[in-house]
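Chemist: Handing you this structure, nothing more for now.
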Ligand code: G6P
């Protein structure tokens, strides 16, 4: 949610700050702004409604010079998207950019108004600018003023401040929203995501909760929540500089869809042998901890939640242990009970989703047997705070609609199922070999699914003028129908709902007519015959069926049924493989409708506010 970039250098930093924002734009994109202290020690601030490109155009007309600056791309929480609500916010000599939410902003605003401060925006952020400006009068440095200010702030935030009177440094504070310091040579940086800083450095240190840091050209001083100086480990990043380039593809989403065979291969690399899955893939302690596990609780949001819903089917069926799955925003506030020897799993692309992180912290207090994070970002909060970790190796995912993160999560969850299934006395003899063979076949199978692209493009035409769509599946494919519907609504703005096909006659059948396309996910599994009956229920009412079916399922195209034949496969793999045609369907529909595929309206990639 929102993106922050800051720099302290000898050279002019405007272009570094702008390029950083371009790379973070997937996090939020309703407005953008920049503030730089110029060589005459004045603050120049430029803000624009709309995308980073608008700010870039403004900077061409009004170039900003200076070596110390901060910038921001916004996803509105408090106050509509507008130039006056865009960050940075300023109070006299103090300027701030902020991610997250200040929960006690009303109280602070009233206090500051009483002290004579005028507010020029509707944001919660502006209170930070005035509060630090006020405290700065009573302190000897910006660092001290920020350290005093954070004691009064409630909520989740990552923030960066500059002070006109201290032009050679910036001060940052983290509580709930990620911030990473980038170490250069004779220059240093801060960002809400290392991706923003890859053009200038590969050395990063993540701030911990409650940290405040003062960053100058030659030094970074970090203080913990008790204001004690601390060191934070510096990592060398192996993220690719090109990861955020579209290459030959028209959109990041399309690029990322096509990267899936490679991403899944990378995720298995060194972890799956001919005999099975290495437990160590889940961390050094996994071989010791996992055999004692008697049940599983999965918690996640969005697409990551859908992968958990698939995993529930796998874990209960093959590992033979109970598995519950819950949306993080519900779990964190619900009165929940802890089953004995229960593994608490969080699934998250970013590792920074506020609700998922809060759920993990609650689970740790409640005393689950162990926690496992399935995550795509090394060093993220979820990874740091979990006992066990499984890193998906999807690489940077830029498209807001998640694609390769999802299929690599599923790959990790299938591998976890294989490890847990070793302790299932009821498991079939050849199960481990079946998992290993299936996983090895997966990348080639995904390539075959991608080769269906031109047929899917044809099918997509029927959706472009529709306002609603229904997705049906049964068993683990119900979760894939959920993911298919989520993709379509996210990027094409078509209202799409997923139903377990058996629920059709309990409501959604009333919606069926010729204007309601119905997508059916139909692998060749033990529920196929039941699914065929559900399809007949739709057809008998004039509904238009689009069936993504195993070529061996015997579903033929006829009046009211269009069929996309998917290669025959072990149905263990079907949830992963069938995802790709559904992603392509949504993609083509969105392109036909002309929506913003990579940055759909109102959404953000990384949701670091609850
Ligand atoms: C946002 C993103 C989704 C993502 C969800 C959970 O809504 O737009 O693509 O699935 O957050 O994010 P996470 O990083 O925890 O997987």
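Easy rule for this one: first residue shown is 1, then count along the chain.
From the backbone N, Cα and C atoms, a Cβ is placed for every residue, glycine too.
So TrEMBL says this about it:
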type	residues	note
ACT_SITE	2	active site, nucleophile
ACT_SITE	605	active site, for Fru-6P isomerization activity
DOMAIN	2-218	domain 'Glutamine amidotransferase type-2'
DOMAIN	286-426	domain 'SIS'
DOMAIN	459-600	domain 'SIS'
Chemist: Could you break down the residues of the domain 'SIS' (459-600) into DSSP helix, strand and coil, giving a count for each?
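Modeler: For that range the per-state counts are 61 helix, 32 strand, 49 coil.
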Chemist: With helix taken as DSSP H, G or I, strand as E or B and everything else coil, how many residues of the domain 'SIS' (286-426) land in each class?
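Modeler: Summed over the domain 'SIS' (286-426), the classes give 65 helix, 28 strand, 48 coil.
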Chemist: Round to a whole number and give the Cα-to-Cα distance in Å for the pair residue 2 (active site, nucleophile) and the residue listed as 'active site, for Fru-6P isomerization activity'.
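Modeler: If we compare the Cα positions of residue 2 (active site, nucleophile) and the residue listed as 'active site, for Fru-6P isomerization activity', the gap is 9 Å.
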Chemist: Based on Cβ atoms within 10 Å, give me the single least packed residue among the active-site residues 2, 605.
Modeler: 605
Chemist: Could you give the mean pLDDT over the domain 'SIS' (286-426), rounded to a whole number?
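Modeler: 95, rounded to a whole number.
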